[in-house]
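Chemist: Marked as carbamoyl phosphate binding site by Swiss-Prot on the basis of sequence analysis: Arg55, Thr56, Arg105, His133, Gln136, Gly264, Pro265. Annotated L-aspartate binding site per Swiss-Prot: Lys83, Arg166, Arg223, in sequence order.
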Amino acid sequence: MIRHLLSSADLDAGTALQILDTAAEMATVAGREVKKLPALRGRTVVNLFYEDSTRTRISFEAAAKRLSADVINFSVKGSSVAKGESLKDTALTLQAMGADAVVVRHPASGAPYQLADWVDGSVVNAGDGTHEHPTQALLDAYTMRSRLGRLAGLSVAVVGDVLHSRVARSNVLLLSTLGAKVTLVGPPPLIPVDIAAALAPSAAVCYDLDAVLPQSDVVMMLRVQRERMNDSYFPSAREYARRYGLDGSRMRRLPEHAIVMHPGPMNRGMEITSEVADSPRSTIVEQVANGVSVRMAVLYLLLGGNNR
């Protein structure tokens, strides 16, 4: 197993499948009366979040606690970071505390790589700028395999704001490694061809959502990150929804077995309607639940847990 999880590119097919298989074992813990394993007793996991996050931070905290690890949640607000402390000095503090693993979310792309150079423990990238979010890709792959029984050969449409999406980058890399066929869909300004080519030469690009729906096993809708863009990317929210939003009418053009995913948080009424988000095809709630199992697997394998 690798020492850090910084990018989906760190994972070959064998390692990725090992994580997914381990996650399936971890999922059985959720059904127990006592939802705990002693695997990481005595280990310390630090959640170092420089950006606000509800889903991801709580998911990692739950994962570590279910493995009996000691968890330290580091909040930037009110900390030395708010007073100007550098990432390196924070890393040295964590090193002195003996952190076995650091889960980091940071607004700067590449920050987890720097952190990995400064601490002896394992580093897990929980999202760095617009770069990557590998555990989200793993939980998405786990959800697809749970619903559809396989990953190899699946046709996956990743729709929306690819340009600003770390989730899209990690998913394209991981799904391509696992044999899925990925098509990026969205307005041309949000899918630069050079980005698609750099991510995975096998990924296709299409600017017409309606053209890809009948052939898609999975449609992954991305949040439109309006905080990272200006009005030049598309005319209006209404126009975006008309061209690239997934509503009930479009959902009915999907194959009968197809599923709809969204990493959250959603802009209901923009990239996805409530009819779709709350439908039986939607895996959005499952993705949250599966995230805990997948992150348990990642921490367990990175830290060499035992005594399951």
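Note: Cβ is positioned from N, Cα and C throughout, glycine not excepted.
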Chemist: Near the carbamoyl phosphate site, what residues other than Arg55, Thr56, Arg105, His133, Gln136, Gly264, Pro265 in the same chain have a C-beta no further than 8 Å from the centroid of the listed C-beta atoms?
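Modeler: Once Arg55, Thr56, Arg105, His133, Gln136, Gly264, Pro265 are set aside, the remaining close residues are Ser53, Ala126, Gly127, Val167, Pro263.
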Chemist: I'd like to know which of the binding-site residues Thr56, Arg105, His133, Pro265 sit within 10 A of Arg166 (L-aspartate binding site) at the Cα level.
Modeler: His133
Chemist: If you count Cβ atoms within 10 Å of each one, which of the binding-site residues Arg55, Arg105, Arg223 comes out on top?
Modeler: Arg105
Chemist: Have a look at the binding-site residues (His133, Arg166) and report the one with the fewest Cβ neighbours inside 10 Å.
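Modeler: Each of the binding-site residues His133, Arg166 was scored; lowest Cβ tally within 10 Å is Arg166.
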Chemist: Does DSSP give Arg105 (carbamoyl phosphate binding site) helix, strand or coil?
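Modeler: Where Arg105 (carbamoyl phosphate binding site) sits, the three-state DSSP reduction gives strand.
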Chemist: Within 10 Å of its Cβ, which one of these binding-site residues (Gly264, Pro265) has the largest number of other Cβ atoms?
Modeler: Gly264
Chemist: Between the Cα atoms of His133 (carbamoyl phosphate binding site) and Arg223 (L-aspartate binding site), what distance do you get, rounded to the nearest Å?
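Modeler: Here the two Cα atoms are 14 Å apart.
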